[in-house]
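For B:16-55, the entry in TrEMBL reads DNA-binding region. Feature annotation from TrEMBL assigns domain 'CoA-binding' to B:80-180. The feature NAD(+) binding site is assigned by TrEMBL to B:90, B:91, B:92, B:93, B:94, B:95.
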DNA sequence: TTCACGATGTGAATCATTTCACAGGGGCAA
DNA sequence: TTGCCCCTGTGAAATGATTCACATCGTGAA
């Protein structure tokens, strides 16, 4: 059993570095120092270096890192995972937002189909993506060997639909419904919980304010 | 200086517990065991007990926790932070999705205004929330003493707008744009990075698949 | 050529979070 | 009333993540 699993925190940061390095590269810069990356991404230079250590990438002590090579190294590590096909379920406002975001601004990902059971949406192209009725789900998932799904359905439908997806062989779910989905160990479910984040933020700012009062 | 800061991880889970306990309560249940909460939220019973320990809540050894009291305790800790007024900037698809989500399904939060500079949106009510032109931002933030903002604008506008918000006294930002915002220490910025989460998910499922192959 | 500076790379320490392991307690059955 | 069982609460260990501190290296200036 290999032990070289990438820590999730590092993974997240690598994705950020990648995004950011592309931008910096587009601005014509060739090399970059760890402290520059750190500054742009809001962490420490040591942490950047440690992350790059994780993926076995080395810079030169005088010039820092060659952006082109570094980008390649990160991409190799991430293994172009984002190119996997994915589907979206639930073409409400949020679903639509993600669809248009995908196809208009970020043509990186490979979003192959959307599903909904609203007859007004079915068989139309929304945000550049064809919307199918839910009955087509089985067929399409199997035919296209889909492994990833984005769930933007109402909370009360989420678990049922997730079960169905898992049964059809989906291995990863990005869930926007504010419920904790029960999934087997073989499936990964990431939670995008807007309300939770908002409540957290509200608490943290309030708390910080109190601390500031206390200091006075 | 008090040291009883709630760990962020615990905070997140408390919010989940709260949500979940409300549901359970609505189903008529009166008491609950730590392992039941754990099962519903997908963590361990010890962790649940430790979290409740953090907020100084005690159950009884035979009957577990009284849901009503526990909910009250959590709410007291969270201090009804979610009732703070907030605004939303950028009434695109995503902004609209959040607006409707708020006002239709989750009337908990206090979203007082939306802003956009698109003349088609300005001065209309969208998702139950009045949409103002950006010129009104100053006035409204000051007048209503807004401390929280949701940023659903395009990436290239995000930092500029954030700067403006901070200048106007905003203390917490929930940012959906895929950029790392630079904010001073006095401001908290939470990142909701859909593309990042998706890429992470894609990587993790792929990796897990490889591990499974390796096992065979 | 030599020196000093400003990078990187990394062992070790620190800090944070989770899990283990078990003491303690209360109620139900006998 | 006694004993057992299943719960809670928590010190201590284990694990995970970040930061410190410093060895090392390569380049440019003198």
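Cβ coordinates come from backbone N, Cα and C, glycine included.
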Select from B:91, B:92, B:93, B:94 the binding-site residues whose C-beta atom falls under 8 Å of at least one C-beta in chain A, and return them in sequence order or as 'none'.
B:92, B:93, B:94
Residue B:91 (NAD(+) binding site) CB neighbourhood, other CB atoms within 10 A:
26
How does the model score the domain 'CoA-binding' (B:80-180) in terms of mean pLDDT?
92
Quick check on the binding-site residues: of B:90, B:92, B:95, whose CB has the lowest count of neighbouring CB atoms inside 10 Å?
B:92
Please work out the number of neighbouring Cβ atoms within 10 Å of the Cβ of residue B:93 (NAD(+) binding site), leaving out its own Cβ.
20
What is the number of other Cβ atoms found within 10 Å of the Cβ of residue B:94 (NAD(+) binding site)?
25
Using DSSP reduced to three states, classify residue B:95 (NAD(+) binding site) as helix, strand or coil.
helix
